[in-house]
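The structure under discussion appears below in the form of structure tokens.
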Amino acid sequence: MLSFVDTRILLLLAVTSYLATSQHLFQASAGRKGPRGDKGPQGERGPPGPPGRDGEDGPPGPPGPPGPPGLGGNFAAQYDPSKAADFGPGPMGLMGPRGPPGASGPPGPPGFQGVPGEPGEPGQTGPQGPRGPPGPPGKAGEDGHPGKPGRPGERGVAGPQGARGFPGTPGLPGFKGIRGHNGLDGQKGQPGTPGTKGEPGAPGENGTPGQPGARGLPGERGRIGAPGPAGARGSDGSAGPTGPAGPIGAAGPPGFPGAPGAKGEIGPAGNVGPTGPAGPRGEIGLPGSSGPVGPPGNPGANGLPGAKGAAGLPGVAGAPGLPGPRGIPGPPGPAGPSGARGLVGEPGPAGAKGESGNKGEPGAAGPPGPPGPSGEEGKRGSNGEPGSAGPPGPAGLRGVPGSRGLPGADGRAGVMGPAGNRGASGPVGAKGPNGDAGRPGEPGLMGPRGLPGQPGSPGPAGKEGPVGFPGADGRVGPIGPAGNRGEPGNIGFPGPKGPTGEPGKPGEKGNVGLAGPRGAPGPEGNNGAQGPPGVTGNQGAKGETGPAGPPGFQGLPGPSGPAGEAGKPGERGLHGEFGVPGPAGPRGERGLPGESGAVGPAGPIGSRGPSGPPGPDGNKGEPGNVGPAGAPGPAGPGGIPGERGVAGVPGGKGEKGAPGLRGDTGATGRDGARGLPGAIGAPGPAGGAGDRGEGGPAGPAGPAGARGIPGERGEPGPVGPSGFAGPPGAAGQPGAKGERGPKGPKGETGPTGAIGPIGASGPPGPVGAAGPAGPRGDAGPPGMTGFPGAAGRVGPPGPAGITGPPGPPGPAGKDGPRGLRGDVGPVGRTGEQGIAGPPGFAGEKGPSGEAGAAGPPGTPGPQGILGAPGILGLPGSRGERGLPGIAGATGEPGPLGVSGPPGARGPSGPVGSPGPNGAPGEAGRDGNPGNDGPPGRDGAPGFKGERGAPGNPGPSGALGAPGPHGQVGPSGKPGNRGDPGPVGPVGPAGAFGPRGLAGPQGPRGEKGEPGDKGHRGLPGLKGHNGLQGLPGLAGQHGDQGPPGNNGPAGPRGPPGPSGPPGKDGRNGLPGPIGPAGVRGSHGSQGPAGPPGPPGPPGPPGPNGGGYEVGFDAEYYRADQPSLRPKDYEVDATLKTLNNQIETLLTPEGSKKNPARTCRDLRLSHPEWSSGFYWIDPNQGCTADAIRAYCDFATGETCIHASLEDIPTKTWYVSKNPKDKKHIWFGETINGGTQFEYNGEGVTTKDMATQLAFMRLLANHASQNITYHCKNSIAYMDEETGNLKKAVILQGSNDVELRAEGNSRFTFSVLVDGCSKKNNKWGKTIIEYRTNKPSRLPILDIAPLDIGGADQEFGLHIGPVCFK
């Protein structure tokens, strides 16, 4: 975006090229400025007078009000010389004394845009012709070579003390680079994701001007800004009465600036003094060589005030006065007419790459949010180090206007450059919005006069730059030699109301002058009170010029005005001094290309950084080559206009702002001081809540909105009073002589006059007839830069330029610091259940867990079934010895008896210790999304992202709140001498002022005829961007974000309930040998042995006697036949018990010896294969054992439904097929019969008991249901993509299992062949897996999409498997 000074440069260049075709200067001597006269009545239009001689220079007139907005860009495109009006020069009127400034004229209509002309060959300098009327703007020619520096002029006498001037504008900018061709505007990009605000980058190049925004409400009155570019000349207003001239005080040394006084009221008009006779005007001679500088003459006594002359050149700026207090805001000014659309400029070169920030971890990008309301203005970044100049790049395309940057830091004042060439008057620019008030700056040194710059092509109007720091007051320079009478300057804007000064001493009453003829309508006055918008009236006819009043106080230098109407040719005069270059002659044939200008030093191309805030212009530098194309910056919102501040020294270039949105049209306000800022607009309505997406990194601020639409035009306010003049400053040193510029291409030879001898300068004669225009001569010496006039009123926005293609992207900045962690996003939708994987291998048995804490005692269960007989008890204590029985004969062993009946159930054993923890069950389905958590803490700042594409324009934002009043800055340095302003209308005669010092006697001129009404002014430059628009409406909800990552594992759950008692263990190893048993009874007597050998004959025995035969026969088993059956019975009982124990430990899965679950069978017989086996989950009697399928691969126990297949047919016809609802198959369609499981000889109650035990013994269950369909949706409807027609399943504990909702109660689908109605059979396999076995088996199903005559379905109930 162009800064204010850029705009001035462009305007000066444009005016230079324009003035080259019509320029006529008048000689004037600086007289004392008289007070401003009152507004006189409108005179009738008088006849043209005879040509008069040039009068002496009058004092500079005060700045006039702003003219209409001028055109920016190249002007010759629509200029057809054949259609131009015949601007013949009129006869020159008598030079009257200087008149008081006229009132402001209304803004002229916008002119047309011209096409660029080719540069002509430079010709010899022809005689200076009369100034022609303003032509349409021509296209900027190629830059000419700098002219040779002129000789220093004679030093003039010190002028009287001038009035205190308004703050001066910044000095001329340095040489402007050659302007590239305008490119087309690029298409506006989509809004990028907002990044966090990066660190301030190095100042970037000035951006191209943004599209004008609509006029916003008036902001708070800003500081006094630098005067804006001159507006086009308005229609002459009626002349006001002339006030009396105050007495001239002796010029004192410049004092310190006093406190600002209040602005005084307009003094009464002084009487018109007598007009001196005009001598005949001689023909314009060839320029004579400049004479030596004479010593300043003593001031003569004050002469009687002369009649009011036409407005003279702007006087040398007086010492800047102290800034007055901030005036109250005036009503809004009317909107100016729209300017023609400017040619698209090329983008500027890319700015230097900003310093990279610390690299952070990149955050995940969030979806682009809706444009947010404009954020508060960021802190001002520090100025970056200036980069060295880059090599010339190709011309860039014009970028989208950037938003206004922050004011840059103040630079130090440069030394005064040598005098530059007088630039051509540029077209009147539109009044830009006031820039932000700058901070007061350090006083800068007065720089030397700069070298003459080459005229650049007029660029598009830029936004007014931020106000720089006011410089210290410079010393007043010596009064220069009187120049030729210049064209009247444009009437400048009314400055803000200054502080009220002390009333001046009343002047002596002068004689009443003759009433002049009726003057032309005066320009618009200052703002009056706000009236209702009236209908624009027709412009009044221009009145006759009244007699001139006495000179008024010195006013601000007016901005360079457009060329005035041509005067009538005068007779040939004496040879004058070397004149300024004459107007351009008729277009010659295309000349040879001139030598190239000096190329600036090539610097390394810096990486592109973010644009810095626009700084004020620096001194004019040498023209550089066209830089590389910059990327179009997004348009930013215009800032709230501040008071016009004093021009500051250049700051660093600010960042380019994001594009603003176009605001609604506001009512046009009246011109005047800035109003108070409007309140910040209400935020836009909130959008509906979207599904919470995963938290992304913090987005950057959204693009700012555009300025609001201008309001209706108010009526002009009354003219404000003029301030008193301040004391003059000390004389400044003359500038150094400029270097000789390169010679321009040779023009066609014009008619050359004979060179006369260098004589004393005679009085100028009247203007001679215009000779044929000579070709363009060498550039004359530059004139002093005049104060720029105040900025013109803001015109309505011109049409948007064609969007240029985006420039090359700058290099990405370094990553910024990592952003803070965003809020946790909502849980994503649970994915569909995958198909069951192959069964895993059985895990090894884990170590036993520690015993859990004992649970509270449960309620007593129902009486259990009689238990199996207990193990044989220990032997009882030994009975007393019975009587010996009679020995029977030994019988044969009897056969083994049948097993006795089972013994009575023994008492329940103690509760076994808890078994080992079972294997972990399969993971449950994802839970439903939890409630939104509290927002996380702010994350660390994210890395600075690359510049996003420009966002779409959002709706207009509401006008921001007005900023506080800025402090008035100190007065600025005096500006260089401005171009001569246009001649103001002659006011009525004022009262005679006190006698002025005697001036040199001028030749008496003849009375001139009033000039014709001026032509329309040039169109204004394109306006600046409007204020930020209201926040846009909330965007549509974004798509649901992707599911979040799995969360961290939850805390360890509490210990589960004690598991069921484990299975009986296998047989243990044999125990140790027990202690010796009780000694057994004696065994029975064995059979008699064989006879022994005969013994020797014994001795003769004594007398024989008897012996006792009895012994302990009861101690020996089986010797006594009566005891043997008892032994066999014991043996059989032992064997039976052993078998029973063995069957308990290793069940066979038969009906007589069922296992508790299939898992027990697999553990007991790992070598067995899967198949159907009998199980008895509730143990006890085997009569209620059930047949189940054992899958030894997975350890699952699967129980089949009694009726597995339900035939396919039309089960249900609805009376109202459109009224769809879920219909339970078992409960409603099938007569209340739910699905049953395993009916082989087991009652429903027994089966329910077995299933209950089975659920207790398992920690995981699963079941599949196959839904056969024809024209019936089972799960997803392919037409709508949703699950609203899915079936519902009823679990065992009356829980309803659905296709969507809480993830714990949702089933999944392995195959979905029932998603469309195509008159074909399909099937959908539904699977439900859970670690809550109490929910299975499935007892019923409720389809929704049934009831039509063509809708059929059937079912296959898969087995329920527990594990």
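Using N, Cα and C of the backbone, Cβ positions are placed for all residues, glycine too.
The recorded disulfide partner of CYS1269, taken from Swiss-Prot and restricted to CYS1198, CYS1314, is CYS1314. Per Swiss-Prot, the residue from the list PRO443, PRO496, PRO559 bearing the note 4-hydroxyproline is PRO443. Cross-referencing GLN78, GLN161, GLN1351 with Swiss-Prot, the residue annotated as pyrrolidone carboxylic acid turns out to be GLN78. Record check of LYS83, LYS944, LYS1215, LYS1220 in Swiss-Prot: the feature allysine is attached to LYS83. Residue annotated by Swiss-Prot as N-linked glycosylation site (from the set ASN206, ASN1264): ASN1264.
Here the CA atom of CYS1314 (disulfide bond) lies 31 Å from the CA atom of CYS1190 (disulfide bond). Around CYS1158 (disulfide bond), the C-beta neighbours below 8 angstroms that are at least 6 residues distant in the chain are TYR1173, ILE1175, ALA1188, CYS1190, ASP1191, PHE1192, GLY1195, GLU1196, THR1197.
Residue density at CYS1269 (disulfide bond): 27 other Cβ atoms are found within 10 A of its Cβ, drawing on all protein chains shown.
Remark: CYS1361 (disulfide bond) has ASP1191, THR1194, GLU1196, THR1197, CYS1198, ILE1199, ALA1261, SER1262, GLN1263 as non-local neighbours, by Cβ distance under 8 Å and separation of at least 6 in sequence.
Take the CB of CYS1198 (disulfide bond) and look out to 10 A: across all protein chains shown you find 20 other CB atoms. Residues near CYS1314 (disulfide bond) in space but far in sequence (CB under 8 A, at least 6 apart, same chain), listed by position: TYR1267, CYS1269, SER1272, ILE1273, ALA1274, TYR1275, GLY1322, LYS1323, THR1324. In the three-state DSSP scheme, CYS1314 (disulfide bond) falls into the coil class. The average per-residue pLDDT of the prediction over the domain 'Fibrillar collagen NC1' (1128-1363) is 92, rounded to a whole number. Of all Cβ atoms in the shown protein chains, 26 besides its own fall within 10 Å of the Cβ of CYS1190 (disulfide bond). Annotation note: CYS1198 (disulfide bond) sits in a strand segment as assigned by DSSP.
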